[in-house]
2 protein chains.
Amino acid sequence: MSTRREAVRQALTESSGFRSAQDLYADLRADGSKIGLTTVYRALQALSDSGEVDVLRTDDGEAVYRACDTESHHHHLVCRTCSTAVEIEGPTVERWAAEVGAKHGFTGVTHTVEVFGTCGTCSRRLAQQGSAQQV
Amino acid sequence: MSTRREAVRQALTESSGFRSAQDLYADLRADGSKIGLTTVYRALQALSDSGEVDVLRTDDGEAVYRACDTESHHHHLVCRTCSTAVEIEGPTVERWAAEVGAKHGFTGVTHTVEVFGTCGTCSRRLAQQGSAQQV
DNA sequence: CCAGTTTTGACAATCATTTTCGTTTTCGTG
DNA sequence: CACGAAAACGAAAATGATTGTCAAAACTGG
Ligand SMILES: [Zn+2]
Ligand SMILES: [Zn+2]
Ligand SMILES: [Zn+2]
Ligand SMILES: [Zn+2]
């Protein structure tokens, strides 16, 4: 793997949440790297093709990436405020999706599942700020 | 509701699958309408804001819309080949998502779930073509 | 028919992502 | 080490969906 690609993977690993190509490019340049935006896109493309990083789309269509601990099939619980993500897996949703597909005569059934919310840390901070403003 | 918006809703209703703004614009123009692309985008925006149509993002980030039978919370089983979608709902995933969020201390938990596959019709057609080519 | 409001659509502007293409690095081999 | 092919880079241009602008058109109540 090239040095550049390794740098992108490293930058991604330093975050616990999902980051966009533009985010990572900004991070790397801020750290003094002379990497180009094109290379960041290419590295992310390669990393997601090889399954080393997960990709998902934000509500406004931007692609965001995450270097997860496991490469096996899993989903994410993502904080709407700080974007931190927790990897989740379990047979319940897997079985459910397969059954739903089969029941309707579909073959080659796959699924996309993401759970969103406000993490404990952010929940507490928001509650704090909310009550402070109510004076 | 304006005539234009109604036309967009109508065009969307005539399809059982998800369509993009550009698709609908092409359909409407093909039918002789003089509607503008901007108006199609505005109509879809309004329709999705009011919850009358569902939106989701394709793998390449394009927004696609569907006029579903119900306005209550549900998910979709989408054919990867012909894009036909079946509305699905059930307590299993709903409960699972809520539990997963709660277990990790998240509040305001929501989720996005889509199931993909090849519908029965498309499966049969593909199988047919596959065996024909094997001569 | 009239003034005011809403809707429309041609066109320009945005912005993430992809292409292009010439330059730089890397690498195998003599 | 030297040399040429192949892979990786990056700046700049191109793409394509979506949004913003603004003047014209359609609609409203009176
Ligand atoms: Zn958080
Ligand atoms: Zn799964
Ligand atoms: Zn189908
Ligand atoms: Zn649900």
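All residue numbers here begin at 1 and follow the chain in the order shown.
In case you wondered, yes, glycine gets a Cβ from its N, Cα and C as well.
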From A:His104, A:His111, the one annotated by TrEMBL with A:His73, A:Glu94 for Fe cation: A:His111
Where the C-beta lies under 6 angstroms from ligand 2, the matching binding-site residues among A:Cys79, A:Cys82, A:Glu94, A:Cys119, A:Cys122: A:Glu94
Candidates near ligand 1 among the binding-site residues A:His73, A:Cys79, A:Glu94, judged by a Cβ under 6 angstroms: A:Cys79
Fewest-neighbour residue among binding-site residues, criterion Cβ within 10 Å, set A:His73, A:His111: A:His73
